[in-house]
Amino acid sequence: MAPISHYIGKTSLTTLAIGIAIGITVSNIVKFSSTQRRHFSSSGYIPDSPHSHGENDFVEGPDDSLSWHDEHSHSHKFENDSVARQLFKKVRVLCWVMTNPNNIHTKARHVKATWGKRCNVLLFMSSRADRDLPALALNVQEGRDNLWAKTKEAFKLIHSKYLETADWFIKCDDDTFLVLENLRYFLQDKSPSEPVYYGRKFKPIVQQGYMSGGAGYVLSKESLVRLVTQGIGHKEDCRADSGGAEDVEMGRCLQSVNVQAGDSRDELGRERFHPFVPEHHLIPDILPPDMWYWSYNFYPAKQGQECCSDYAISFHYVPPNMMYVLEYLVYHLKPYGITSAYESTEEQDHGSSHKDTDAMKPEGKGMEDKEDEETNISLAQTDSKHIS
């Protein structure tokens, strides 16, 4: 009969072996989980509310505005932008950017240095005038609780002074990135005399849906007129005080004056206006499955390659540095040997906005057209400089 100590020693060794095995297993699980979290982690901000604002206020950007000076480089020498210049004249867009005194130099000026210069008219709305940007001073208080008040005052000012300068009027934040060429392409077959507005359509609260404020929303001229002359100060559904979520209150007000919340998706059902940075839409599983975003989308939200139209218009929560990254990727980076053909803007029909069939290459640049476009841009910028 073996001594008791023999069994005790054998049991201890077995227990030790099992403990080591369990420890290794747990360690591997934790390590794998950590790796997966790193893989799906994001460098960008994920908002915990559909009405979050100011999350990039403390993200530092370049000390000075950046600009490219490669107009005469080999890659741009043979670039043909006549279609974009044609649409610049045909589809006039006024962009107004919601900002505040603290963001003028940290965020707003980087908007002006990138996509803002492609607006027919560019206005920055703040509570304090700034002649360098420039920014207009609205008689409102700052803070997220006053965004609806600022929005109402901005549209009233635009209706009063800038109604005839544009056909479409887009509102966005100072951390929104817009591709104006794609916005004009989307709007070019639509009438500014129709009561409609477009953006990223959310579905709670407002019966017909409403557009995400951060992704930007664009009003036709008729919609702007109805908003100011029939809605604000006239309808119960147009909230009189400064409270409420800006985009929700805008949706309620526009619905009350029979402005339709339009569908901005492309013919494949992919969205054009995006409430987050590209990474959050393109990479699956970055956004938590229990996040508000999934239940707020009017149309089923898609992840990965099906998330975004090839002619995407906007992205939100874009920090200053990323403004320049997107500017480079959209307007400067080119795959050598690949050229694009464009569908005739006269023949495009609604709902098939980027067919490859019946495509045509644009005509070559004309110096007179180029000078006309530069004049339009200069007038818009000059107008902005003298409004504050």
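Cβ atoms here come from the backbone N, Cα and C positions, even for glycine.
Annotated Mn(2+) binding in Swiss-Prot involves Asp173, Asp175 plus, out of the candidates His281, His316, the residue His316. For Cys238, the partner cysteine in a disulfide bond according to Swiss-Prot, taken from Cys172, Cys253, is Cys253. Of the listed cysteines (Cys172, Cys308), only Cys308 is recorded by Swiss-Prot as the disulfide partner of Cys307. In this structure, the C-alpha atom of Glu142 (UDP binding site) lies 43 angstrom from that of Asn80 (N-linked glycosylation site).
Here the C-alpha separation of Asp173 (UDP binding site) and His316 (Mn(2+) binding site) works out to 8 Å. With Met98 (UDP binding site) as the anchor, the candidate recorded positions are Asn80, Asp175, His316, and the one with the nearest CA is Asp175. In terms of local Cβ density within 10 Å, His316 ranks first among the binding-site residues Arg144, His316.
In this structure the C-alpha atoms belonging to Arg144 (UDP binding site) and Asp175 (Mn(2+) binding site) are separated by 15 Å. Spacing of His316 (Mn(2+) binding site) relative to Asn80 (N-linked glycosylation site) is 29 Å (Cα to Cα, whole number).
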